[in-house]
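Residues or ranges marked as domain 'FAD-binding' in TrEMBL: 18-48. Among the features that TrEMBL reports, domain 'Glucose-methanol-choline oxidoreductase N-terminal' is placed at 191-284. As annotated by TrEMBL, domain 'Glucose-methanol-choline oxidoreductase C-terminal' applies to 374-487.
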Amino acid sequence: MADNTVKIDALDTTEPFDVCIIGSGPTGTIIGKTLVENGIRTVILEAGSSMFNWLTDSQIKQYADFESTGNTNYPEKHTKASLLGGTANFWTGRCERLHPSDMEPHAYTPPENPWPITYDDLDPYYEKAERIMRVRGNSQRSKYSPPRKTPLPLPQTKDISFLTELLDSIGVEVDDSPTAIPQKSIRFFKVQKEILPGFAASPNLTLVTGAIVRRLVSNADKNIVGAEVQSFEGEKKVVRARIYVLAAGGIGAPRLLLMSKSEHHPEGIGNTYDRVGRGFNEHPAVNFYAQIPHQRKTIYPLSKIARTHQFYSTYREEGLGSIMPVFRQSWILPHHNMPLKISKIPHNMLAIAQRLLHATLYMGVVIEMKISDSNRVTLSTKKKDPFGDPLARVHMDYADEDIALLERSRELVRDLYAKVGAGNIYEDQITFSRHLQGTCRMGTDPKTSVVDPDLRAHESPNLYISGSEAFVTGGAMQPTLTIAALASRLSEHLVTRFKEGSVPPAG
Ligand SMILES: Cc1cc2nc3c(=O)[nH]c(=O)nc-3n(C[C@H](O)[C@H](O)[C@H](O)COP(=O)(O)OP(=O)(O)OC[C@H]3O[C@@H](n4cnc5c(N)ncnc54)[C@H](O)[C@@H]3O)c2cc1C
């Protein structure tokens, strides 16, 4: 944990801060870094604290819980976390850009709420985000990949030549999977280890862990005038700032807005037009395993990942979403018979022997979901956090288009397997990527979106909301690089506002 972390009892709330950031995941950390480095007095309020605390304290686990309903059976476990560094403590570091076509009108764009920014607007911030996240990958990317003007910051080191050659032989061009590479963490890039130490010691930063923001308080002008904070030990404070940035994740952000009902915001903050929480979308994936004959390059027991952007927009012509096929070559991936059951041991032993004789080729397809107003985050009437406040309820059904796109993806996988001569094909369960998108959409119309193109809440001039909750559509790419790009763009906007003196004093 960063050295200068304080608990809320040590928090001095007499002087208002310039900026109060709620959440210390990639969004909050990246925004905090730029603000602090530009002399802006910033407080980051994080509900959780250390990994140890996350693993041992039932209260924080309860706080991070939510209720799930709908025919997707969306998993409540391992979806979001509350600790320093956010849910990204558990991410795998894959860092892809959205495609330019994602931000142009397509079959899933809500007609009344198109993306208010373009890929070109985001391009310089993608470059910045890739540097901040130390993204590694081959700079000679296929012609189907999102365009880029500069090489990736770190060169490719993974050898995916087996997959490249195999799939090239059937006319499919693949790329490696750009990945954030840690310098200070063991396996995955963690923002609290890689980014936070660079500004943690600054006198401009106050980082408070174990600080749960229970309500945002607003005045008659709908400005935010305070964040009510409480610890599980019962300590209470009201943090005041000139600007508030909600960086609480795609479920945490709408929950806090909905919980902050008052006479000035009877439906919750930013929710006059009932938009907060609507449009939740994720990345479901179909998953297949099959066997192929060993070749020289499959002998190594390594798991190598490649993806193809070639089919990204193929099904958009049919009115469906984008897709991202993923390939992995290995012969030690547990599958077919896992989880291991005692009764299946003989069968498993046989399968293990078979795996030595054949290489495994995984193919999965991640799909974009149709945006639906009824897929939404609201407040649960069943589940409560340790304070007795309602937890979030996430309702998500598959649209007909989602079912159709999952089926198209299965057909595509089976076709590719047939072309490479794979046998013994096994379809595993649908999985979700834990990408929490779309619940506080950006747009130009307050009636159809929650934040404006600068990520400023339409209704509350001193409140910004940043993260994948601001995405208008979800594409089929992992969101965190776009989250980091939006965070970089927002922090630049805030620095400009402070420098030009356009930020009013705290209310
Ligand atoms: C298993 C797994 C694998 C993943 N792999 C990838 C991947 O490879 N690539 C990718 O792009 N994405 C991946 N993701 C998703 C990625 O983790 C998220 O996109 C990312 O963490 C979002 O960052 P964030 O800062 O917006 O939110 P978070 O990381 O969720 O951080 C939000 C923080 O806000 C805090 N908070 C919330 N409400 C309050 C409150 N009221 N008061 C105080 N604090 C509050 C929370 O405690 C939390 O720490 C993965 C996720 C999981 C679970």
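Every residue, even glycine, has its Cβ placed from backbone N, Cα and C.
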Next on the checklist: Under 8 Å between C-beta atoms and at least six residues away from its ends: which parts of the chain pack against the domain 'FAD-binding' (18-48)?
Outcome noted: 11, 54, 60, 63-64, 81-88, 129, 132-133, 191-192, 195-196, 198-199, 202, 204-213, 227, 229, 239-249, 252-253, 256, 466-467, 480, 483-484, 486-488, 490-492, 494-495, 498-499, 503
Item to check | Secondary structure content of the domain 'FAD-binding' (18-48), with strand meaning DSSP E or B | outcome: 12 helix, 10 strand, 9 coil
Next on the checklist: Please list the DSSP helix, strand and coil residue counts for the domain 'Glucose-methanol-choline oxidoreductase C-terminal' (374-487).
Outcome noted: 32 helix, 33 strand, 49 coil
Checklist entry - Over the domain 'Glucose-methanol-choline oxidoreductase C-terminal' (374-487), what is the model's average pLDDT? => result 97
